[in-house]
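According to TrEMBL, the features are:
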{"type": "DOMAIN", "residues": "172-226", "note": "domain 'HAMP'"}
{"type": "DOMAIN", "residues": "234-450", "note": "domain 'Histidine kinase'"}
{"type": "TRANSMEM", "residues": "12-32", "note": "transmembrane segment"}
{"type": "TRANSMEM", "residues": "148-171", "note": "transmembrane segment"}
Ligand code: ADP
């Protein structure tokens with residue numbers, strides 16, 4: 001049974017049910033019809049016997065047969081004396097039934113290869129004791145009822161066949177979407193074509209919902225596979241450029257005679273590229289740890305106001321160099337439980353971006369305040385801004401709104417991913433608002449008190 005398909009199981013179940021129904025119905029029909037027939041025959045027998053009793057007379061001990069109806073409504077009447085000897089009719093015609101005489105009992109008797117229904121009545125008429133017996137053929141189911149039962153019995157196997165066939169076809173139809181689903185899933189896993197979808201049938205049943213859920217899962221899988229592919233290719237591309245520069249500088253330095261200053265310049269270039277690679281690898285490692293849940297912040301009491309002031313002080317020279325003014329709006333003391341090093345990196349990334357993507361004469365404003373149970377840190381700039389189509393994607397890895405301009409400004413496309421991961425491991429979040437050509441505003445929300453289960457990092 002375990003090896004049968006659901007279609008076969010459902011069909012078997014319905015067929016068995018129909019079979020049981022037919023057996024019960026026919027059984028009931030047979031039982032109740034035979035009872036009705038038996039009772040009707042009994043009534044007719046007793047009526048004829050009673051009528052005959054009213055017609056029996058004895059004159060001076062001699063039976064007067066003239067008025068007795070010995071045959072009525074298919075019932076033959078016989079009279080016996082109290083010794084069981086037949087009194088009338090005297091001729092030997094009529095059914096020969098040798099059943100025992102029993103007063104008021106309706107019984108069935110087999111005589112001469114035929115079945116009879118017999119009813120006896122013991123009575124006293126004109127001082128003579130006698131038995132009056134009514135006998136009628138026991139037709140049983142040989143009449144129209146029998147024909148009906150026979151027809152029902154003949155029809156039963158056909159009914160069973162129709163039930164089984166119909167049930168199988170209906171379940172087969174009902175399972176068609178599942179067959180389609182199996183086919184699609186097989187072609188996805190066999191052909192590695194993640195773009196295929198099951199698609200809805202328009203119905204709102206469970207199977208359609210299952211198909212929809214599979215499609216959502218394939219959407220997520222496709223996005224995550226594509227992200228992973230893009231991430232690997234972006235990461236190799238990012239590492240390839242400095243590696244190529246280092247290689248070419250090394251080859252150049254080893255060529256012919258080189259002056260000491262030329263060699264120093266080559267080493268400087270190599271050092272710059274090595275630092276770039278080192279920083280890129282460190283960033284990638286941090287993101288990988290955050291994805292695997294292995295980025296374990298070292299929580300301690302941090303004065304976020306002081307931390308922001310320190311970062312601002314560090315970045316002040318580069319802001320000045322770009323002709324920018326750096327403002328701080330820190331409301332009171334904002335103390336929270338967090339990882340100081342990670343928060344420092346978060347603030348640095350946001351402020352560096354605000355400086356990097358600004359315009360000469362522009363400004364950068366860092367605001368810090370508490371709101372309820374959270375610290376709100378926002379970094380606002382009057383820079384180049386981000387176009388609306390790029391805004392939802394800027395937290396993605398290696399995503400650059402304006403690749404040429406970003407590369408020119410030394411960006412790697414990982415800064416905001418790191419900001420988001422750091423906010424998430426602290427149970428917080430980050431949002432960006434921006435108007436192209438006017439400036440951007442990045443707001444980080446961080447809970448003041450550490451939660452037991454800080455937010456899980458969502459890989460892009
Ligand atoms: P990057 O290292 O390239 O700056 P980020 O992840 O920090 O990488 O930023 C992703 C992209 O978002 C940047 O390439 C840039 O196009 C855009 N961006 C980030 N911050 C700002 C900002 N303050 N103003 C304008 N564009 C920004």
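Note: Cβ is positioned from N, Cα and C throughout, glycine not excepted.
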Going along the chain, which residues at least six beyond the ends of the transmembrane segment (148-171) come within the CB cut-off of under 8 Å?
6-8, 10-11, 14-15, 18-19, 22, 26, 29-30, 33, 141
Predicted model, mean pLDDT over the domain 'HAMP' (172-226):
83
Secondary structure content of the domain 'HAMP' (172-226), with strand meaning DSSP E or B:
40 helix, 0 strand, 15 coil
